[in-house]
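J.: Just passing along the structure, written as structure tokens.
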Amino acid sequence: MSRFFIDRPIFAWVLAIIAMLAGALSLTKMPISQYPNIAAPAVSIQVVYPGASAKTVQDTVVQVIEQQLNGLDGFRYMAAESASDGSMNIIVTFEQGTNPDIAQVQVQNKLQLATPRLPEEVQRQGLRVVKYQMNFFMVVGLVDKTGKMTNFDLGNLIASQLQDPISRINGVGDFLLFGSPYAMRIWLDPGKLNSYQLTPGDVAQAIREQNVQVSSGQLGGLPTRSGVQLNATVVGKTRMTTPAEFEEILVKVKADGSQVRVKDLGRVVLASENFAISAKYRGQDSAGLGLRLASGGNLLETVKAVKAELEKQKAYLPEGVEVIYPYDTSPVVEASIDSVVHTILEAVVLVFLVMFLFLQSLRATIIPTLAVPVVLLAAFALLPYFGISINVLTMYAMVLAIGLLVDDAIVVVENVERLMHDEGLSPLEATRKSMGQISGALVGIGMVLSAVFVPMAFFGGSAGIIYKQFAVTIVICMSLSVLVALIFTPALCATILKAPENDAHHEKKGFFGWFNRSFDRNSARFERGVGGILKHRGRYLLIFALITAGTGYLFTQIPKAFLPSEDQGLMMTEVRMPLNASAERTEVVLQEVKDYLLKEEGQLVDHVMTVNGFNFAGRGQNSGLVLVVLKDWAARQAAGEDVLSVAERANARFARIKDATVMAFVPPAVLEMGNAMGFDLYLQDNLGLGHESLMAARNQFLELAAENPSLRAVRPNGKDDEPQFQVKIDDEKARALQVSIASINDTMSAAWGSMYVNDFIDLGRVKRVYIQGVDSSRIAPEDFDKWYVRNALGEMVPFSAFATGEWIHGSPKLERYGGISAVNILGEPAPGFSTGDAMIAIAQIMQQLPSGIGLSYNGLSYEEIRTGDQAPMLYALTVLIVFLCLAALYESWSVPMSVILVVPLGIFGAVLATLWRGLEADVYFQVGLMTTVGLSAKNAILIIEFAKELYEKEGVPLVKAAIEAARLRLRPIIMTSLAFTFGVLPMARATGAGAGSQHSIATGVVGGMITATVLAVFFVPLFYVVVVKVFERNKKPAALAEEELA
């Protein structure tokens, strides 16, 4: 094949140009994201039961739904939480590869079976089923620069005008409103109700009867008799729109004809539906809409669509109201992609310089450089067919591929140059002879490197998604690289290279002359060194065994993790106030946190948004959240200016805040996989020990974790039990007084909860009508005595006649995991420890907890456990596949063994470099390790291919063949290894977005290449000689027999 294109160079150019054009066209159409869909698909079921406690919601809603969630395809696990505000959320997580749309449909079908068993009030509220991601990908908000609108006004504006169009955008999965829409609020006075002998149920019934939309039909509607001349729509009663209309609702007509209307029983106002959450942006009242990405959504495209929609809506906002973006993850994505693009450009330049240093000819250097755009662009034409998008993982793979793909071209060019210099051949003749010598080696290298990565593409879970991005991209690049080296590069060599004049290679002056003389001297020393090693094989085999054993030991010392930490320019701070603390107290702490961040860290922090009434541990007046966005990475280059350092200083300062627990934390590397980096686990009550026992086990766990040096910031992702006032109804007394239990329940729901009645129309939108007691009637336990229920005789009976109350302790938030009562705990490894170390410590702590308390990991931690279990299989399978490919290629068992023996030498350097930089054995390290395995094997193949040729075909004695092959291939091995190492070096020294993952990949690769090159060139001849002697002792070829006689 190579000869065909050597004789037809224009044909080769045409193919290269077509490949580049196809890639450029594909590049403009490929989606761009920071990561592929690494997070497992999940579906969320959301329900509200107004006025219900967390326990009530768990018993009457959560468990009913859980019992129906069986038989779902690809089901992995489910987690549920219920809160004291009546809200409930069940998150069902599926295996990677499950279609999120089908998963959502299946969950909805199962939910239909559970719906008839749910409380009527829950059914009336409706159930939401949405595709779900854990973290917000952005928060959009509104502020009023005039100061006229409160956060509740702004919340209504978002709910009325922005929420629907934004939530319909493709890619938006779920949302959380930091604010609330308006509702028609009817505040009932219990004294007035009692004086008119009415109950909240009477008011609700009157509203339902009079606030209705009546479908009245038509005049002259068909069928009718002939001669009818009129057809008109009959308009009946419509829903009310203003507080004044609701005030006039007739509740009761007395015997004397006097009327009791709603306005006689309390106040009617247009007010917020929910007062629990309020927000501030840079100290101003604001409201926000937190958006979660839909499973499978494209983050950049979704952010672009959201901002475009908001630009359209700006024209319809009141004067002075501005759109803000207090939290946006898209700059992280863009910065990560830009960083890798710069890395690729740096890699190309460095590779070019290394090649020029060795080839010392601009013509010879340009040839392998031209291979880079051809292969990379052609790869983009093929990637979409494998479901691969443009993301940081494919770009990292491209960086690795640059060093790999120029290797093949360098091997061709260097061998052609050698033949021209050593044998005086013309470029055309040298190219033809060269391709006859090295075509097998090129195919072998391509097969080996492909074999290294192919097994990675078939692993499951989130790690499998990461492996696949690298595997597919590198295998495509390697395959194209081999084709370019067999088609395009020979054509360029035959037409671009010039024959040397008077052995010019050895007569160069200046720097290149010095370099060549130095390299030749060192080559001679190297040749003598290889000869010495082959004379003392036993000694050096022992050294190799020690290196291998040391590598195994050092490997066990690397801390384990799933993904490295990243500076994404984002930080969150949770505020947890004491039990039963008011929203006013929480606001004071939120302001203190905000002031510290904007004043003490003002040079690094761009802006903050505070949210009162909500954090990831739950909702409530004692909860708060601060969203922090740091300045651009270019403005934070100095030591101590990264987000982890900012969070560390912030936590040291927040520890001094009295009467509050304030914790700053950083999002995980993959934002869709959690809210905070570290570990995420559930303690489960496997034996049904009860809530008190579970909480006691949780507290014991937290105490033991606080004493463990490898753990820090271990905290419950929930709420402690708090004082609750329990009302006990004496059914016997109630029946004796002829009071209906249903009337009692209705009165309690309306008085202290918030009873949803029906809907009204506000500015053309449907909103809700609620009745509730005035604030003075629901402040203290004594206020229960203010409420009355009407019995069957029409008499008003006070609550105190049939009800008593007492203070108890109960949880404002209950959790379940896998259908079992559980508590969620988050934490981080202490400085100097990894998440793998933390998990070992957790396992030790679990042994001290009571029997019946189980442990399950969630989110990123679940993936880390799963990845750790897969890693040994990945290593073993990779080595096995490489061995089998080489055996098939060379029709020999000895050659593959010689190649495989070199692998520990590369791993040795990778492990040393990773330990030296204090990095962890994460998924990226494993990718780097597999790359090192392939490159180590490649160097071995280059030597063994020549030694095999000399020994088996030319009859050169075995030892001489090994020494000669090592001498001949030393220069290309050093050149290709340096080219690859310098190509990866920009990743090893990267800063800014995505630097953690780049360091993790490149550090191991650079360290592995150094040892794989420095040690392998000495040990590969030894391995080849020893293996041939062992495997072919009985064959006794002529050269081997001659050598033994000598």
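Quick reminder: no glycine exception, Cβ is built from N, Cα and C everywhere.
When I checked Swiss-Prot for this same protein, it listed these features:
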TRANSMEM  10-30  transmembrane segment
TRANSMEM  339-359  transmembrane segment
TRANSMEM  370-390  transmembrane segment
TRANSMEM  392-412  transmembrane segment
TRANSMEM  440-460  transmembrane segment
TRANSMEM  470-490  transmembrane segment
TRANSMEM  542-562  transmembrane segment
TRANSMEM  871-891  transmembrane segment
TRANSMEM  895-915  transmembrane segment
TRANSMEM  927-947  transmembrane segment
TRANSMEM  973-993  transmembrane segment
TRANSMEM  1008-1028  transmembrane segment
J.: Between the transmembrane segment (973-993) and the transmembrane segment (470-490), do 3 or more CB pairs sit under 8 angstroms, pairs being 6 or more residues apart?
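T.: As far as Cβ distances go (cut-off 8 Å, pairs 6 or more apart), the transmembrane segment (470-490) and the transmembrane segment (973-993) do not touch.
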J.: By Cβ distance under 8 Å, which residues at least 6 away from the ends of the transmembrane segment (1008-1028) in the same chain are close to it?
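T.: For the transmembrane segment (1008-1028), the far contacts come to 526, 529-530, 533-534, 537, 540-541, 544, 547, 894-895, 897-898, 901-902, 905-910, 912-913, 928-929, 931-932, 935-936, 939-940, 943-944, 947-948, 951, 958-959, 962-963, 965-966, 970, 973-974, 977-978, 980-981, 984, 1040.
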J.: Top stretch among 10-30, 871-891, 927-947 for CB pairs under 8 A with the transmembrane segment (392-412)?
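T.: Looking at each of 10-30, 871-891, 927-947 in turn, the most contacts to the transmembrane segment (392-412) are made by 927-947.
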J.: Assess whether the transmembrane segment (440-460) lies in contact with the transmembrane segment (871-891), where contact requires at least three Cβ pairs under 8 Å among residues 6 or more apart in sequence.
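T.: These two stretches do touch.
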J.: Tell me, please, if the transmembrane segment (10-30) and the transmembrane segment (895-915) are in contact, taking contact as 3+ Cβ pairs under 8 Å between residues separated by 6 or more positions?
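T.: Result for the transmembrane segment (10-30) with the transmembrane segment (895-915) is no.
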J.: Report, as numbers and ranges, every residue of the chain located at least six residues beyond the transmembrane segment (871-891) whose Cβ falls under 8 Å of a Cβ in that stretch; write 'none' if there are none.
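T.: Distant Cβ neighbours of the transmembrane segment (871-891) are 440, 443-444, 447-448, 451-452, 454-456, 459, 467, 897, 899-900, 903, 926, 929-930, 933-934, 937, 941, 948.
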J.: Looking only at the recorded stretches 339-359, 370-390, 895-915, 927-947, 973-993, which one has the largest tally of CB-CB distances under 8 Å to the transmembrane segment (542-562)?
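T.: Between the candidates 339-359, 370-390, 895-915, 927-947, 973-993, the best contact partner of the transmembrane segment (542-562) is 895-915.
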J.: By Cβ distance under 8 Å, which residues at least 6 away from the ends of the transmembrane segment (973-993) in the same chain are close to it?
T.: 332, 335-336, 339, 342-343, 346-348, 350-351, 353-355, 358-359, 396, 399-400, 402-404, 406-407, 410-411, 414, 566-569, 633-634, 637, 935, 938-939, 942-943, 999, 1001-1003, 1005-1006, 1009-1010, 1012-1013, 1017
